[in-house]
Each structure stands twice: as structure tokens, then as C-alpha cells.
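As given in TrEMBL:
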TRANSMEM  54-72  transmembrane segment
TRANSMEM  84-106  transmembrane segment
TRANSMEM  118-142  transmembrane segment
TRANSMEM  154-181  transmembrane segment
TRANSMEM  193-211  transmembrane segment
TRANSMEM  231-257  transmembrane segment
TRANSMEM  269-298  transmembrane segment
TRANSMEM  318-338  transmembrane segment
Amino acid sequence: MSAKYGLVGYNSSRKHISISIPSSTEVMSPHIKSVEELRVLGINLSSFSAPTQFFICVAGVFLFYLVYGYLQELIFSVEGFKPFGWYLTLVQFGFYSMFGLVELQLTQDKRRRIPGKTYMIIAFLTVGTMGLSNTSLGYLNYPTQVIFKCCKLIPVMIGGVNAIIWPDVSAALCMSLGLIWFTLADSKVAPNFNVTGVLLISLALCADAAIGNVQEKAMKLHNGSNSEMVLYSYSIGFVYILTGLLCVGGLGTAVAFCSEHPVKTYGYAFFFSLTGYFGISFVLALIKLFGALVAVTVTTGRKAMTIVLSFMFFTKPFTFQYIWGGLLVLFGIFLNVYSKNREKMKLPSIKDLRSWLLTGKKVRFLSQNV
């Protein structure tokens, strides 16, 4: 029968296709959303509800980054250290790479999921934001550096002209005026103010504005882990900075200076890097769980508190113009967050609030006439 219909040898030549579904502990395709746990410093965030996850991440960001900011300013308060901002960044990237390697070895899945080209871009942006930020402290007061880093919306708007809406314009205008006010105050009272510092921190701000969205897209598309992101981006960044220092020069003098003051340089840098690494882990968890916008909002709140603590713990000139400029920047940040979350949280628009206020005034006026 089978010979009649030309089916001879069908069973022997037939090919079998087997489909297996990986378990939660096995490596999944980088483009498939993972079902594995999300752990940060040994804490399994996947077992908590969304509000609890948010609270843990926010607490981690504030705790570790406040200590990070204190140690950063402490290092630059060491006499003679200010010219070595790039060397501090090199040491910091080296420590981050080691911490990331140790954490990655403790996880079951050690596979690199995010492409190398993406890591090269992220590493370049990370070098820009952290290296230029550290170097700017040689020219600016720490609060001025931090207030600039709060204003990511400005370069984001410049890069997305077609998508500008008026609340964002108002927010960017408030931030810009606040920055100008704060910077003018700093130029009057700070003895070490330099326009070079403004340029450096502005470039760092542009890189910082881009890096959050790049990290969010890479982690969600390829399902990369926090430890993988830190290890590869900072180790590649370490190579970038080392190559630059070897080409430009200055590595020898930085090593000689730090060797003379090992505790105040390498010792502080270790704890500075350790708290920064812990903080980055929670920031990446925020990005992965809630998106880059929420992460930027949380870190901006942390930076505002860092400015207050800076004036409390370190002696520096003070003027009330710092307060007015800072409040204007914070109002701009509020407008930005409000405009981005209005539809999600079903908040009233500025136009609605204005009409309600006008209606309330009209009602009070009529009641007074009655």
C-alpha cells in the first residue's frame, strides 16, 4: 500500500522536531521576558508587592547615595587632590568592576545577555557622566555640581525638540533660571568657582540624561541583570579612562600623590565606590521595575537632600540666593514630574486647576454680594 502511493522509506527519513520549555532556573532567550528572580544585594525583590519593592529601592538609593555624596566631597576636601578627578574615576571604575565580578560569580546565570556594542555605548556615557562630574569638583562647590545634576530635563528637551509640550518648557525654564541664579550666587561667594567647572558638569549632565533611557532599553530588551550591567559597562569604561590617561599624561603624578596619602585617597575611594555600587544596584532595580522616569525622580530627590547635608557637614560660604535658586529648580522638577504622570495618575491639568480656581473666586464673589 505504501509502495503504491510512494511512501516507501517515509518512516526512516522522517525528521523529528522537539520543543522544550526551559525552567525558571535555566537560561532563557535574551529577547524573552525572564521569569527568574530579581535580586539586589541578596534581597529577592520578586517576592514583594510593587509598593514594597518601590520602598526598598528608594530606601537603598537614599541610604547609600547620601553616604556616597558625603565621601565624594570628603575626598575632594583633601588638600592637593582636586586635579585628580579622572584618576578617582579610574579607581572607582576598577572597584565597580571587581564588585560586579564578585556578584556575578554568586549568581546562577553568568551569561552575558546584552550585546558588546551596547555596552561600549553605555560605558562611554558612564565615563562621561562620572568622569566629568568628578573632575568638575576641582572647579565648583559640591552643591553647585549637584544642583546641575538635578536638571536632566534640559538636555533631554534639546534632544527631543519635536516632542516638546508647554509644561516641559515651563519646567526647563524654571530649572534654567534656578541654575543661573545658583551659579551666580556661587560665583560671588565661592573662592574656587571657575567657568570650566560649569562646562564640565554641563557635558556630564548631557551624558547623564541619555544613559538612563539606554540602560532601560537594554535591560528590558535583553533581560540583563544588574551585576552584568555594572561589570561590563564599568570594566569597558575602565579601559577607556586608562587609555585616555596614558595618552594625555598625568597618571604618574596621581599615583604618586595617592601613594603619599593612601588612607585619605584609596581608603576613602574604596568606601566611596562600595556605597556607590550598592546605590547603582538599587537604581538599576528601579529602572527595571518602574522605568527611567521614576528612577530619575527618586535620584533627584536624593540629590536635593545631598545639598542640604553638604552645607551641614562641610564648611563653605552660604547665601540665601542658594535657597531661592534651589527652590526654583525643585519647582521645575515638580512641573516635569507632574506633566509626565498626569495621565497615568489621572491628575487634573493646569488648565483644569485654573478653571476651578476662577470658579471658586466667582462663587465667593457672588456669595459676598448676596
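The backbone N, Cα and C atoms fix where each Cβ goes, glycine too.
Contact check: the transmembrane segment (118-142) against the transmembrane segment (269-298) gives fewer than three Cβ pairs closer than 8 Å, residues 6 or more apart, which falls short of the contact criterion.
Stretch with the most C-beta contacts under 8 angstroms to the transmembrane segment (84-106), considering only 54-72, 193-211, 231-257, 269-298: 231-257.
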